[in-house]
Amino acid sequence: MSYLLIEALSKRFGRFTALDRVDLSIERGEFVVFLGPSGCGKTTLLRAIAGLDRQDSGRIVQDGDDISQWPVAARDFGIVFQSYALFPNLSVADNIAYGLDNRRFDRSARARRVEELLQLVGLPGIQGKYPAQLSGGQQQRVALARALATAPGLLLLDEPLSALDALERVRLRGEIRALQDKLGVTTVMVTHDQEEALAVADRIVVMSHGRIEQVGTPREVYRAPATPFVADFIGRVNVLDGAVHERGRVQVGPHVLDCEQARDLSPGAAVRLYLRPEDITLLGVTDSAPNSFYAHVRKVEFLGAHVAVVMKPDRMEGVELTAQFSQNYLNGTELPPGAIVRVGVDRRHLRVIAGEG
Amino acid sequence: MAANHAARWRMPALAELDGRLAQWLLVLVCAALSLFLLAPLAAMLVLAVQDREGNFAGLAQFAAYLEMPGLAESVWNSLWVSATVTLITVPAAFAFAYALQRSCMPGRSLLRLAGLSPLLGPSLVAAIAFIQWFGNQGALKVLMGGVSIYGAPGIILSASYATFPHALMILTAALANADGRLYEAADALGASRWRRFLTVTLPGAKYGLISAAMVVFSYTISDFGIPKVIGGNFRMLAVDIYQQVIGQQNFNRGAVVGLILLLPALFAFIVDWRMQRRAQAALTARAVPYVARPARLRDGLGLFYCTVVAGLLLAVLGMAVYTSFVTFWPYNLAPTLRHYVFGLDEAGVISAYYNSLRMAAATALLGTAFIFFTAWLLEKTRGADVLRPFLRLMAALPMGVPGLVLGLGYVIFFNAPDNPLGGLYQTMAIMVVANVVHYYSSCHLTAVTALKAIDREFEAVSASLKVSGFLTLWRVTLPVCLPAVLEIGRYLFVNAMTTVSALVFIYASHTLPAAVSILHLDEAGEIGPAAAMATLIVATSTLVCLLYAVFSHLLLRRTQAWRQARP
């Protein structure tokens with residue numbers, strides 16, 4: 001049985017639908033990330049699980065209890081907010097022990113627990129400091145320690161990293177994931193940063209307009225997006241419109257491309273193909289492998305370890321493709337604008353999204 | 001595992017209780033505000049449409065009142081005097097505030113204190129001082145060129161003095177919230193100083209100007225002490241109420257005048273309230289504060305103007321203080337403590353000073369606790385959502401109810417023979433309540449602003465840690481908001497010490513407050529003791545303000561470790 005079960009959860013704010021009959025099931029010990037653009041309902045869903053924004057209808061079951069109508073204080077979770085919400089007038093130790101004080105911890109047990117938690121988040125010995133004396137990343141860790149102090153069954157993280165600078169963000173997300181692995185606490189994190197979601201999640205819940213677009217492992221949502229929204233929101237994607245030529249072959253402009261996923265589609269049907277920039281390969285100019293065509297280089301964007309190349313495929317009106325090549329892969333090859341290149345596409349990488357077309 | 005399960009079983013019940021308690025307390029504070037704000041006003045409304053025997057009389061009382069000779073004169077006098085005071089005070093205070101906020105003249109903090117000094121005493125101080133300066137034996141009577149100070153001139157001067165700090169506070173706040181980027185843009189576009197003033201400064205302070213005008217107008221039209229002392233035979237609506245109720249014991253007629261007086265004040269309140277709502281949207285979070293740069297001419301002019309105004313304000317206060325220390329102005333200027341030692345004692349009003357001290361202390365303590373707790377319930381608890389808009393309105397409404405009208409409502413409501421709360425009438429308690437209600441709105445605003453400024457997830461975090469919201473209020477919210485709490489306490493104390501209008505109907509001989517006793521002393525021609533009492537009040541208020549300043553300074557220093565920004 002799943003640890004957290006959400007059934008047909010709906011929530012409206014006035015005329016705005018924040019959650020539209022959302023169903024979701026989360027296993028014990030899982031690290032799940034809610035991902036989506038702002039206003040997609042991810043934070044509302046998290047706050048509904050915490051009981052902070054009560055749903056209009058639907059059910060939430062946690063560890064066998066129907067908690068749908070339980071007040072916040074009755075639910076079993078720890079939470080870290082974007083603002084950390086550390087109590088400014090209390091020392092780090094008092095902040096962390098805030099939830100322990102009413103649980104009859106004696107002084108030495110309390111001190112031991114605080115020390116243990118600070119050890120856990122990698123900040124030993126800062127018990128006496130006040131939040132204002134800490135850096136953003138340190139505050140974030142203290143907030144995490146406070147949320148974990150009471151050993152909750154569920155850890156909720158509401159955009160916990162978005163107030164930090166880029167380097168700190170990358171380091172902390174790794175630490176959070178490591179901590180979660182160590183403690184095994186079921187964790188739900190909300191973020192709008194797809195890279196962050198891909199890096200830490202066991203499963204990603206992609207949301208848009210109050211609905212769940214797809215639930216899957218990072219690999220699944222990236223390699224096999226279930227909807228055009230997911231394909232577009234996670235990573236970059238090229239779109240090619242065409243028509244099924246025969247089983248497993250799609251006509252795009254003058255070219256006929258092999259496409260594994262088009263095998264079950266009937267000839268003549270219009271299809272839209274999705275192609276990741278990194279799935280475009282560079283061939284020798286005279287190479288006439290299947291699924292290859294000529295293209296003119298329009299623009300080259302230098303991205304450090306990669307280059308993004310915007311190109312116009314031969315004889316395809318109004319179509320532009322963006323390819324991404326690592327510097328390693330190019331190995332010094334120059335791609336000046338105007339150059340003609342031959343590019344290929346693996347037939348497994350041309351994706352058709354079910355239900356479209 | 002079994003224990004864990006039991007804990008989980010008990011938890012919803014406990015957590016439920018915490019939330020329920022907050023909701024019941026919310027109901028309770030709504031009931032209290034209804035009882036002590038709405039009910040008295042409603043009672044006044046009812047009385048206004050009854051005859052003296054208590055039968056329904058429709059608008060007969062209004063008709064009878066409107067036919068009274070001299071009424072048109074009262075209304076007209078009240079209107080034009082208030083308008084004149086507004087036209088004098090608001091520009092004067094604007095220039096003062098502008099110099100304080102937008103120039104680099106030296107001595108700004110001292111000048112600001114001088115500008116706010118009229119708040120330290122009752123409005124009567126001005127009336128007494130102007131009589132001493134320009135009255136029949138006035139030091140500067142020649143300047144009046146034969147015009148008597150008693151009447152409109154005295155009222156206008158005194159009311160301008162008394163309203164100046166109120167306008168100044170609003171306008172300094174309005175000018176403080178300027179977006180420096182707009183000024184940079186204007187400079188970059190090559191706008192002249194004058195054009196920049198017209199296109200950036202004035203529009204930015206527009207809401208503040210309107211708000212200040214409203215406050216000054218409704219203060220003047222409903223103030224009672226000033227026309228009573230310096231008005232001579234000049235008729236105004238506020239004095240009319242007093243005469244109807246105290247002089248002729250005609251409560252029905254008094255209620256009618258009270259309602260008429262409530263109208264302009266309520267109108268001003270509604271206009272101001274709507275303005276405030278719009279003003280909030282005007283300033284974006286990304287605004288960069290404007291910082292003035294030195295400019296010789298502007299700073300020099302500002303310093304000159306502010307020094308003159310501050311000098312005039314201090315001269316008014318100083319005259320009242322001086323009067324209290326000379327034997328008999330202007331004939332015998334020998335210094336004496338006679339007015340303090342014997343004058344107050346002979347008139348039997350020395351107890352009034354202690355009454356006021358007790359009342360002000362109780363108002364500050366109980367009022368601050370009630371107002372802050374109510375604001376906390378409103379901002380930081382959940383549930384009972386139907387009550388919240390009502391409570392917000394109740395908190396804002398006292399701003400639109402003149403003290404005199406509120407006091408009248410209290411007499412009518414609590415003095416009614418069948419009111420079970422009648423026992424409150426003529427007690428110290430009812431005066432404390434009247435003060436808290438009268439000054440509720442700005443205290444509430446201070447509390448709400450402080451509460452909104454702290455992280456809004458504190459309650460969510462403490463609930464997730466299974467800590468009661470009330471405990472978090474005590475351990476976190478209150479300590480963090482302590483500067484605002486102290487500020488509310490100081491404000492309530494000083495106002496309770498100085499107010500006349502709300503209390504003049506509800507005091508009893510054994511609860512006579514100091515500020516009202518000035519009125520009696522003045523009526524008895526005891527101008528020396530009257531000035532002495534006024535001076536005592538001013539000295540007390542000053543002392544409390546000093547204590548407040550010292551205490552909040554120490555507090556900020558002690559809590560600096562956590563209040564400072566980043567290391």
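Cβ atoms are placed via backbone N, Cα and C, with glycine included.
These features come from TrEMBL:
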DOMAIN    B:75-272  domain 'ABC transmembrane type-1'
DOMAIN    B:353-548  domain 'ABC transmembrane type-1'
TRANSMEM  B:21-49  transmembrane segment
TRANSMEM  B:79-101  transmembrane segment
TRANSMEM  B:113-135  transmembrane segment
TRANSMEM  B:155-176  transmembrane segment
TRANSMEM  B:197-221  transmembrane segment
TRANSMEM  B:254-271  transmembrane segment
TRANSMEM  B:303-329  transmembrane segment
TRANSMEM  B:359-378  transmembrane segment
TRANSMEM  B:390-412  transmembrane segment
TRANSMEM  B:530-556  transmembrane segment
Sequence-remote partners of the transmembrane segment (B:390-412) [C-beta within less than 8 Å, at least six residues beyond its ends]: 26, 29-30, 33-34, 37-38, 40-41, 43-44, 47, 218, 221-224, 238, 241-242, 245, 251, 254-255, 258, 261-262, 265-266, 268-270, 272-273, 374-375, 378, 425, 430, 434, 437-442, 444, 499-506
Distal contacts, the transmembrane segment (B:79-101) - CB-CB under 8 A, six or more residues away: 108, 111-112, 115, 152, 155-156, 159-160, 163-164, 167-168, 171-172, 174-176, 178, 201, 205, 209, 212-213, 216-218, 220-221, 236, 292, 301-303, 305-306, 309
Among the ranges B:197-221, B:254-271, B:303-329, the one whose Cβ pairs under 8 Å to the transmembrane segment (B:21-49) are most numerous: B:254-271
Outside the transmembrane segment (B:359-378), six or more residues from its ends: residues with CB under 8 Å to it: 22, 25-26, 29, 32, 388, 391-392, 395, 428, 431-432, 435-436, 439-440, 443-444, 447-448, 451, 473, 477-478, 481, 484-485, 488-490, 492-497, 511, 513, 540
